[in-house]
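Below is one structure, written out as structure tokens, with a few remarks after it.
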Amino acid sequence: MGASLLNPSPDSHTPRGDRYAMESGAVSPQSSQDAEDAEDAKLGSVTLVEVPGRANDIEEAVAAVGGPKAVTDAIVNKGKLRLRLCRRYQFQAPLPMKRHRTSDLLVKARKKEDGTWDYEAIAWVPTSFRTEVLADFLFVPGSELKHGEHSIIGSIEQEISGEGVSGAPYMPPAYFTRVDTPQAYDFEENSFLKRQRNPEVKAIAGTSEAKLYRDWVGVHIMKFNNKEPPTKPPEGAKDSLREDEKQIVAGLEKLFAERPLWLRGPAEERLKEMGLSANVSTMQKSFICVSYLWSDGPWRQVYIRLGFDPRTDPGTRFMQVIDFRDRLLKERRAYFERVQGTMDQQPVQALDCHFRTPPVNRSQLYQYLDIEDEVVQQILQSSEVLKECSFKTGWLPQQTLDAIRERMAVKAELLRRSRQHALQDATTPAVANEAASSQKKKRDAQAPEALKDEASGTRWWTC
């Protein structure tokens with residue numbers, strides 16, 4: 001809800017010149033359209049200042065934007081307006097009001113005795129000022145500063161001399177949040193958003209225009225608390241495939257026949273071994289046709305074959321996902337080592353899904369089945385299986401997950417050290433040769449200059 005402050009604009013709209021024609025010696029409008037234009041030209045123009053809130057006191061609302069002088073200066077000289085919601089509060093930052101070009105019309109409405117309304121056009125609104133940022137929080141000081149009316153205690157002389165000042169100084173925070181613009185959100189539990197969603201525009205009514213937007217088919221998303229997994233792909237998923245994309249779908253069908261759960265990385269790696277490669281959009285469209293996405297729990301971000309429920313098969317414990325977070329990447333020094341280029345000089349071609357190299361991301365997902373480590377596989381084989389699938393640990397107990405995570409942390413450190421040693425061994429000969437060359441140049445500079453006469457073959461030394 002906002003209050004509007006309408007002020008006459010100094011550069012009000014001037015009446016447009018009407019075209020006239022001489023008919024029977026009298027002056028009359030040339031057409032009915034010109035008569036309407038002449039009537040519209042009588043309207044003046046006003047500037048709209050939108051205050052975010054209900055203004056009970058118009059004078060206070062005008063003073064909050066700087067007063068009539070500030071409004072006039074903003075209109076004539078294209079200045080800026082700043083809104084102070086609490087003018088007495090000395091510590092609140094003003095809200096900037098942005099200038100917008102509009103084509104609104106100010107209308108005065110009167111309600112008649114019979115219940116109908118009578119409308120009258122007053123002026124048109126070519127310019128408006130309104131705030132687009134959020135007001136910051138108010139951190140109100142104590143009574144010694146009269147709750148923000150004064151910025152100092154006592155007087156300037158007392159503040160400088162230190163007389164009469166007691167207690168801790170008041171230091172308001174610079175800001176409470178770095179985000180000052182409204183953000184769009186889609187909270188899934190917000191039923192209001194579901195009711196207010198408008199259908200997408202697919203065609204222009206009354207014309208032969210084609211669809212304005214291409215239909216995008218979303219993947220089926222499954223959560224641990226959902227009852228039944230989807231058994232069929234979304235409607236229209238296979239119809240949107242091209243001929244080259246059907247080969248990717250056929251390759252994925254073979255992969256999901258081997259095992260029902262795949263992370264995206266291992267699946268793309270197997271497709272490349274089969275001679276199939278695709279971009280991100282093609283892979284997404286292909287996954288939609290043969291699988292659905294699990295979004296939480298022990299199979300987070302895993303694509304699962306349509307109709308298969310991993311909560312009913314204890315064998316899917318080997319295909320659960322671990323979110324491994326390397327201890328080194330959590331430390332602050334890892335950031336500076338990466339910036340300085342001293343952390344890992346060997347380039348990583350692709351994201352490793354088999355844990356052959358130390359992770360490069362703070363959070364990296366692995367499927368237990370794809371981890372190439374004998375200790376991890378032995379822990380999985382010897383672990384007990386829970387009677388019921390758990391949201392937190394799946395089919396495995398917490399002790400097993402802790403043991404696997406600890407083993408992966410140790411192996412990540414060993415892999416990183418071995419890579420550093422290999423890098424040092426590779427650079428040692430080059431460093432030694434460079435040092436020997438520099439020492440030789442230093443000795444030659446200090447020794448007498450050797451001159452050689454190539455024609456006579458004699459050597460001359462100069463001191």
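Cβ atoms are placed via backbone N, Cα and C, with glycine included.
Matching 1-41, 206-246 against TrEMBL, the residues noted as region 'Disordered' span 1-41. Looking at 292-334, 421-463, the range tied to region 'Disordered' in TrEMBL is 421-463. Look at the domain 'Transcription factor IIIC subunit Tfc1/Sfc1 triple barrel' (48-119): DSSP puts its residues at 17 helix, 27 strand, 28 coil.
The predicted model assigns the domain 'Transcription factor IIIC subunit 5 HTH' (171-325) a mean pLDDT of 82.
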